[in-house]
Amino acid sequence: MIASAASAPRAICLLGPTASGKTAAALKLAERWPVEIISMDSALVYRGMDIGTAKPSAEEQAIAPHHLIDIIDPLDAYSAAQFANDANALIDAIRARGKLPLIVGGTMLYYKALTQGLSDLPGADPAIRAEIDAEAARDGWPALHAKLALVDPVTAARLHTTDAQRIQRALELYRLTGQPMSALLAREVGANAFQQHDAAAPYLTIALEPSDRLVLHARIAQRFDAMLAGGLLDEVEGLRRRGDLSPTLPSIRCVGYRQAWAYLEGEIDMAALREQGIAATRQLCKRQITWLRSTPERHVVDCLAPDYVDQVARLVQTSLESQSQ
């Protein structure tokens, strides 16, 4: 039990891009302190999606209690707002048990929702989404990315030309409001800057960032190959055989799954599956690092350093000691 849960950080947030060693570091912390782990990963919420998400094994999950893993069916959706609500409730419950909440993951929108709140943007509009999907089917997502660049160059500049989910949302918001998504978000941030800073203060945020991105890219390739060898295609084929899932769902849009689905549909060959899967993972990694670097309250640890786990532990120890004084 933590000596004084009231004096400890509200939660420790261990953030990092794909393949940065978050799980290994979290489990080492669990060996030293009485933590409960809250997953902050938009793919780990899905049941039956284990290999392509690098879900912690049953043995790993037995080391410490894990939360927000395997909580919904791939047919369903899970939002950043839902995560914030669930995580806040879990943090309070874990602290009440005298334990230390440890939030681990790389879904940075979830982190923003938890620590800063979300902007009050309009919800999804099925008619507009259907219209955008029809345009994409006819012209391709790169063409829609070009359309987005004309009306919202700031958002378009940070999106890959085939990032269907985010291009769709940005165009949807523009067509709903007549304003660029970037302007809507900037207005919200400006209006709530003080509250956001104040809300983020109780968290100890540690970011695992690579000193050499090429080394992380090599790790990503090795990891994707290991997923293929470990049965990713069989896992995705099982999802396809259900008959109620499609590549338009957020679950099947997850990196690795949409490429494997396309291969099983006969749309691409094995070489393209591997190439596209690795490229998509690297794009995800790039977005995650960009988000991390815009997080001023973080403590950076080089995830490629041989002693990176020890560095993380020292930051936690220092925080616990300073809070108890």
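Every residue, even glycine, has its Cβ placed from backbone N, Cα and C.
So that you can see what the record holds, here are the features copied from Swiss-Prot:
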- GLY16, PRO17, THR18, ALA19, SER20, GLY21, LYS22, THR23: ATP binding site (BINDING)
- THR18, ALA19, SER20, GLY21, LYS22, THR23: substrate binding site (BINDING)
- 41-44: region 'Interaction with substrate tRNA' (REGION)
- 165-169: region 'Interaction with substrate tRNA' (REGION)
- 253-258: region 'Interaction with substrate tRNA' (REGION)
- 286-293: region 'Interaction with substrate tRNA' (REGION)
- THR107: site 'Interaction with substrate tRNA' (SITE)
- ARG129: site 'Interaction with substrate tRNA' (SITE)
Per DSSP, three-state class assigned to GLY16 (ATP binding site): coil
Remaining residues near the recorded ATP site, that is with C-beta within 8 Å of the centroid of the site residues GLY16, PRO17, THR18, ALA19, SER20, GLY21, LYS22, THR23: GLY106, LEU208, CYS303
THR107 (site 'Interaction with substrate tRNA') versus THR18 (ATP binding site) - Cα distance in angstrom: 10
Residue, out of the recorded positions LYS22, ARG129, whose Cβ gathers the largest set of other Cβ atoms within 10 Å: LYS22
Which same-chain residues, if any, lie at least 6 apart from GLY16 (ATP binding site) yet have Cβ under 8 Å of it: LYS22, GLY106, ALA207, LEU208, GLU209, GLN288, LEU292, CYS303
Per DSSP, three-state class assigned to THR107 (site 'Interaction with substrate tRNA'): coil
Inter-residue Cα distance where the pair is THR107 (site 'Interaction with substrate tRNA') and THR23 (ATP binding site), in Å: 14
Residue numbers, six or more beyond the limits of the region 'Interaction with substrate tRNA' (253-258), whose CB comes under 8 Å of its CB atoms: 18, 42-43, 46, 49, 52-53, 164-165, 224, 227, 232, 236, 239, 247, 277, 280-281, 284
